[in-house]
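Trainee: Supplied in structure tokens, the structure appears directly below.
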Amino acid sequence: MAIAMAVMNVGTYGFTLVAARMLGPKEYGAVAALMGLLLVVNVLSVGLQATGARQVAADPSHRERIENRILVTSRRSAWALGLLCLLLSPLVTIALDLGSFLPALLVAAIAVPLTVMGGQAGIFQGEKKWTPLAAIYLGMGLGRLGFGALGVAVRPDATGAMAGVLLGAFVPVLIGGWALRRRRGGEGPGPAPMRTVLREVAHNSHALLAFFALTNADVVLARITLDAHDAGLYAGGLILAKAVLFLPQFVVVIAFPAMASEGAQRMYLKGVALVGGIGVVATAGAWAVGELVVVGSGDTRRSLVVEFVGGAEYAEIEHQLWLFALLGTLFAMTQVMVYEVVARQHRGAVYAVWAGLAVLGVVVPVAATATGLISVVITVNAAVLVALLLVAVLQGRGHRPPAVPGVGAPGAPGGTAPGPETGPAPTSVRGGVPADARADGDVERHP
């Protein structure tokens, strides 16, 4: 699993690197903004995966019924989301100054396979069948790199890039469909089961949506606020920030089950400390490499870290790249805290993330350059991280992870009495699946 996730992240980075080099700052700025929007669109897929995994693990005696419900819900949700993105495509085209409707239309099409994949991955995660889940992750990374690079090579603009991403998005869906080919089908769920699944998906997606929006809003705001050249420079710097964010994702994968269990109320502190330590090393390395290791000669002389983010066209931000590594460190630490919100159901904590996003929307327009923008974004993200830490410390005293509703003891809130269909109600489920937010009315992976 760890190797598959690493390959997926390398494939994602590889595509951005190919796009940055082949398109240049102006056109790559548009691609980066569209990819940022795709991460937000992908929140529904992540929510479906969390819901499917939790329900399959919570009630294995009704696995086939649950899996059918998840698959049908994911397909219907995929078409609904694709239609919504299609309706919003003119607004996206104008807001991001794309010059053509095609890239925004392709984003709407990409939303469909991404969402279907979430339901498939959730089933395998809940069953703890790591081989097909790893294959889905491999398909995602390699599909995006291979088809994305092909799209840019055939048509070196935002349309070509997004067409390649669309083709690549079908690779993991085909893998998941093949792995599920022997599963018995059934009638689609009725309105009530659909509402139950969608309600849980909404809870699981809320906190993750806030995080994805916060960590991707800056590139969209840069596209709106700065000129095309400076926005492209900022987008190039964010390649390093996202690399630092992806680097310690294994920490979240390992720490999350403990954060969702009793007796480990301070596990998030260990996770934040470890992620922060990795980020400090990465930031120091970015500064050292940027100052000391150079390639080329004469007018083409530039640091190796500039080569990492896209080459000589990004040399203007050479001495500020360590700031992007610092931003990536803050992103990674905030990600740990967002999963703490999901694991512990800290009521209202997610609104600190939304507040940070609102502040970004207000203060970013005052930034006139890429350097000024990165300083503002670092400050806001640091404030959000501190707020989440304070909430976790203050609310974590004596707070237990909530039980999964419907599988608790009979007579307990959310519990289910034994019956001819359910049998004796199991106690609770812990592990790598977020608990259901309905247990206490609160809100609720990439990695």
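Each residue, glycine too, has its Cβ placed from N, Cα and C.
Note that TrEMBL annotation is computational and uncurated.
Pasting the relevant annotations from TrEMBL:
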type     : residues : note
TRANSMEM : 28-48    : transmembrane segment
TRANSMEM : 78-96    : transmembrane segment
TRANSMEM : 102-123  : transmembrane segment
TRANSMEM : 135-154  : transmembrane segment
TRANSMEM : 160-180  : transmembrane segment
TRANSMEM : 201-226  : transmembrane segment
TRANSMEM : 232-256  : transmembrane segment
TRANSMEM : 268-289  : transmembrane segment
TRANSMEM : 321-342  : transmembrane segment
TRANSMEM : 349-368  : transmembrane segment
TRANSMEM : 374-394  : transmembrane segment
REGION   : 404-447  : region 'Disordered'
COMPBIAS : 408-417  : compositional bias 'Gly residues'
COMPBIAS : 437-447  : compositional bias 'Basic and acidic residues'
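Tell me what's around each of these sites.
Mentor: Long-range Cβ contacts of the transmembrane segment (28-48) within its own chain (Cβ-Cβ under 8 Å, at least 6 residues beyond either end) map to 16, 19-20, 70, 73-74, 77, 81, 85, 92, 96-98, 103-104, 107, 110-111, 114-115, 117-119, 122, 158, 161-162, 165, 201-202, 204-205, 208-209, 212-213, 215-217, 219-220, 222-223, 228, 231-232, 234-236, 238, 310, 445-446.
Beyond the ends of the transmembrane segment (349-368), by six or more residues, the same chain brings 206-207, 210-211, 213-214, 217-218, 221-222, 225-226, 334, 338, 341, 375-377, 380-381, 383-384, 387-388, 391-392, 395, 443 to within a C-beta distance below 8 angstroms of the stretch.
Below 8 angstroms of C-beta separation, residues 214, 218, 234, 237, 268, 272, 320, 323-324, 326-327, 330-331, 333-334, 337-338, 340-341, 344, 346, 348-349, 352-353, 355-356, 359-360, 363-364, 366-367 of the same chain, each at least six residues beyond the ends of the transmembrane segment (374-394), sit close to that stretch.
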Trainee: At a C-beta cut-off of under 8 Å, are there same-chain residues at least 6 beyond the transmembrane segment (78-96) that contact it? List them, or none.
Mentor: 30, 33-34, 37, 41, 44, 103-105, 107-109, 111-116, 220, 223-224
Trainee: Counting Cβ pairs closer than 8 Å, which of 160-180, 232-256, 268-289 has the most of them with the transmembrane segment (201-226)?
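Mentor: The stretch with the most close Cβ contacts to the transmembrane segment (201-226) is 232-256.
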